[in-house]
Amino acid sequence: MTKLTLEEKQELIRMALKARESAYVPYSDFMVGAALRAEDGRVFTGCNVENAAFTPTSCAERTALFKAVSEGVTKFTDIAVVGSRRGEINQQITSPCGVCRQALFEFGGPELNVIMAKTPDDFMERSMDELLPFGFGPSNVAGNQAVEDEKED
Ligand code: THU
(Lines of atoms letter the chains of each structure in order from A and count residues from 1; the text may use other names and numbers.)
(Lines give C-alpha, C1' and ligand atoms only; values in the text may rest on other atoms or scores of the structure.)
Protein backbone atom coordinates (compact mmCIF):
# COMPACT_ATOMS: atom_id res chain seq x y z
CA MET A 1 0.00 0.00 0.00
CA THR A 2 1.49 3.34 -1.01
CA LYS A 3 1.53 6.15 1.50
CA LEU A 4 0.05 9.49 0.54
CA THR A 5 2.34 12.38 -0.27
CA LEU A 6 2.09 15.57 1.77
CA GLU A 7 0.26 17.22 -1.14
CA GLU A 8 -2.28 14.38 -1.30
CA LYS A 9 -2.89 14.63 2.44
CA GLN A 10 -3.39 18.37 2.17
CA GLU A 11 -5.84 17.88 -0.70
CA LEU A 12 -7.78 15.37 1.43
CA ILE A 13 -7.93 17.92 4.26
CA ARG A 14 -9.17 20.60 1.84
CA MET A 15 -11.93 18.23 0.73
CA ALA A 16 -12.91 17.62 4.36
CA LEU A 17 -12.99 21.38 4.98
CA LYS A 18 -15.25 21.81 1.93
CA ALA A 19 -17.57 19.01 3.11
CA ARG A 20 -17.76 20.64 6.55
CA GLU A 21 -19.53 23.61 4.96
CA SER A 22 -22.58 21.39 4.39
CA ALA A 23 -22.83 20.31 8.03
CA TYR A 24 -26.44 20.33 9.27
CA VAL A 25 -25.93 21.23 12.91
CA PRO A 26 -28.81 23.34 14.30
CA TYR A 27 -28.44 21.71 17.73
CA SER A 28 -24.71 21.73 18.44
CA ASP A 29 -23.41 24.29 15.94
CA PHE A 30 -20.33 22.08 15.78
CA MET A 31 -19.46 21.53 12.12
CA VAL A 32 -17.50 18.47 11.06
CA GLY A 33 -16.24 17.37 7.65
CA ALA A 34 -14.58 14.16 6.56
CA ALA A 35 -12.89 12.93 3.39
CA LEU A 36 -12.39 9.20 3.07
CA ARG A 37 -9.90 7.93 0.50
CA ALA A 38 -10.50 4.52 -1.06
CA GLU A 39 -7.73 2.14 -2.07
CA ASP A 40 -8.39 3.01 -5.72
CA GLY A 41 -7.87 6.72 -4.98
CA ARG A 42 -11.50 7.76 -5.05
CA VAL A 43 -12.55 10.13 -2.27
CA PHE A 44 -15.93 10.19 -0.52
CA THR A 45 -16.79 13.18 1.62
CA GLY A 46 -19.28 13.65 4.41
CA CYS A 47 -20.54 16.10 7.01
CA ASN A 48 -22.41 15.63 10.25
CA VAL A 49 -26.18 15.55 9.91
CA GLU A 50 -28.06 16.21 13.14
CA ASN A 51 -31.67 15.48 14.01
CA ALA A 52 -34.31 16.97 16.31
CA ALA A 53 -34.53 13.57 18.01
CA PHE A 54 -30.72 13.65 18.51
CA THR A 55 -30.12 9.86 18.31
CA PRO A 56 -30.38 9.64 14.50
CA THR A 57 -27.49 12.10 14.13
CA SER A 58 -24.76 10.91 11.80
CA CYS A 59 -21.18 11.99 12.28
CA ALA A 60 -19.26 13.24 9.26
CA GLU A 61 -17.07 10.13 9.19
CA ARG A 62 -20.00 7.74 9.01
CA THR A 63 -21.76 9.89 6.42
CA ALA A 64 -18.68 9.56 4.20
CA LEU A 65 -18.28 5.86 4.97
CA PHE A 66 -21.88 4.97 4.19
CA LYS A 67 -21.83 6.99 1.00
CA ALA A 68 -18.82 4.98 -0.15
CA VAL A 69 -20.09 1.56 0.90
CA SER A 70 -23.46 2.26 -0.69
CA GLU A 71 -21.58 2.95 -3.94
CA GLY A 72 -19.85 -0.43 -3.69
CA VAL A 73 -16.52 0.87 -2.36
CA THR A 74 -15.35 -0.95 0.78
CA LYS A 75 -11.57 -0.60 1.07
CA PHE A 76 -9.96 2.54 2.42
CA THR A 77 -6.50 3.82 3.25
CA ASP A 78 -6.95 7.30 4.74
CA ILE A 79 -9.53 9.62 6.24
CA ALA A 80 -9.18 13.33 6.97
CA VAL A 81 -11.38 14.85 9.68
CA VAL A 82 -11.90 18.52 10.53
CA GLY A 83 -14.25 20.04 13.07
CA SER A 84 -14.95 23.30 14.81
CA ARG A 85 -17.82 25.49 15.91
CA ARG A 86 -19.61 27.46 13.21
CA GLY A 87 -17.73 30.63 12.33
CA GLU A 88 -14.48 29.48 13.88
CA ILE A 89 -11.39 28.61 11.98
CA ASN A 90 -10.23 25.21 13.03
CA GLN A 91 -8.53 25.74 16.34
CA GLN A 92 -8.74 22.18 17.52
CA ILE A 93 -8.22 18.65 16.40
CA THR A 94 -11.40 16.60 16.07
CA SER A 95 -10.78 12.91 16.47
CA PRO A 96 -13.38 10.34 15.42
CA CYS A 97 -15.85 9.37 18.14
CA GLY A 98 -15.94 5.80 19.42
CA VAL A 99 -18.84 4.79 17.21
CA CYS A 100 -17.08 6.09 14.10
CA ARG A 101 -13.85 4.33 15.05
CA GLN A 102 -15.74 1.05 15.20
CA ALA A 103 -17.59 1.75 11.94
CA LEU A 104 -14.34 2.66 10.15
CA PHE A 105 -12.47 -0.34 11.58
CA GLU A 106 -14.94 -2.62 9.80
CA PHE A 107 -13.66 -1.42 6.41
CA GLY A 108 -10.30 0.24 7.03
CA GLY A 109 -8.93 -2.18 9.57
CA PRO A 110 -6.06 -1.34 11.93
CA GLU A 111 -3.97 0.21 9.11
CA LEU A 112 -6.38 3.02 8.22
CA ASN A 113 -4.52 6.32 8.49
CA VAL A 114 -6.57 8.95 10.35
CA ILE A 115 -5.60 12.54 9.60
CA MET A 116 -6.94 14.96 12.21
CA ALA A 117 -6.51 18.48 10.93
CA LYS A 118 -6.86 22.07 11.95
CA THR A 119 -5.78 23.31 8.53
CA PRO A 120 -3.97 21.74 5.54
CA ASP A 121 -0.73 22.88 7.17
CA ASP A 122 -1.51 21.81 10.72
CA PHE A 123 -2.53 18.22 11.29
CA MET A 124 -1.68 15.03 13.14
CA GLU A 125 -2.00 11.42 12.05
CA ARG A 126 -2.66 8.19 13.87
CA SER A 127 -3.35 4.69 12.66
CA MET A 128 -6.72 3.17 13.50
CA ASP A 129 -4.79 0.63 15.55
CA GLU A 130 -3.64 3.47 17.80
CA LEU A 131 -7.15 4.94 18.05
CA LEU A 132 -8.90 1.60 18.52
CA PRO A 133 -6.42 -0.93 19.92
CA PHE A 134 -7.53 -4.57 19.87
CA GLY A 135 -10.39 -3.52 17.61
CA PHE A 136 -13.16 -5.99 16.99
CA GLY A 137 -13.57 -6.60 13.27
CA PRO A 138 -14.84 -9.01 10.66
CA SER A 139 -12.12 -11.58 11.32
CA ASN A 140 -13.20 -11.82 14.95
CA VAL A 141 -16.60 -13.11 13.96
CA ALA A 142 -15.64 -16.75 14.00
CA GLY A 143 -17.07 -18.99 11.35
CA ASN A 144 -18.66 -16.16 9.46
CA GLN A 145 -18.35 -17.51 5.94
CA ALA A 146 -20.11 -14.48 4.51
CA VAL A 147 -17.21 -12.30 5.65
CA GLU A 148 -14.66 -14.65 4.03
CA ASP A 149 -16.63 -14.72 0.78
CA GLU A 150 -16.79 -10.94 0.78
CA LYS A 151 -12.98 -10.74 0.99
CA GLU A 152 -12.54 -12.97 -2.04
CA ASP A 153 -14.76 -10.86 -4.29
N1 THU B 1 -19.24 14.73 15.38
C2 THU B 1 -18.77 14.28 14.18
O3 THU B 1 -19.38 14.49 13.12
N4 THU B 1 -17.63 13.55 14.18
C5 THU B 1 -16.86 13.30 15.28
O6 THU B 1 -15.88 12.59 15.19
C7 THU B 1 -17.22 13.91 16.56
C8 THU B 1 -18.60 14.46 16.65
C9 THU B 1 -20.47 15.53 15.38
C10 THU B 1 -21.67 14.90 16.01
C11 THU B 1 -22.50 16.11 16.37
O12 THU B 1 -23.24 16.51 15.23
C13 THU B 1 -21.47 17.19 16.68
O14 THU B 1 -20.25 16.73 16.11
C15 THU B 1 -21.28 17.46 18.15
O16 THU B 1 -21.00 16.30 18.83
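Keep in mind that glycine also has a Cβ here, set from the backbone N, Cα and C atoms.
The active site, proton donor annotation in TrEMBL covers Glu61. In sequence order, Val32, Ala34, Leu36, Gly46, Ile79, Val81, Pro96, Cys97, Cys100, Ala103, Leu104 constitute the residues six or more apart from Glu61 (active site, proton donor) in its chain with CB-CB distances below 8 Å. Under DSSP, Glu61 (active site, proton donor) is assigned to a helix (H, G or I) in the three-state scheme.
In the three-state DSSP scheme, Cys100 (Zn(2+) binding site) falls into the helix class. As annotated by TrEMBL, Zn(2+) binding site applies to Cys59, Cys97, Cys100.
Annotated domain 'CMP/dCMP-type deaminase' per TrEMBL: 7-139, in sequence order. Helix, strand and coil residue tallies for the domain 'CMP/dCMP-type deaminase' (7-139), in that order: 42 helix, 40 strand, 51 coil [DSSP].
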Determine the Cβ neighbour count for Cys97 (Zn(2+) binding site): the number of other Cβ atoms within 10 Å of its Cβ.
13
Using the Cβ centroid of Cys59, Cys97, Cys100 as the reference point for the Zn(2+) site, which residues of the same chain not in that list have Cβ within 8 Å?
Ala60, Glu61, Arg62, Pro96, Gly98, Val99, Arg101, Ala103
I'd like the Cβ neighbour count for Cys59 (Zn(2+) binding site), meaning other Cβ atoms within 10 Å of its Cβ, all protein chains included.
23
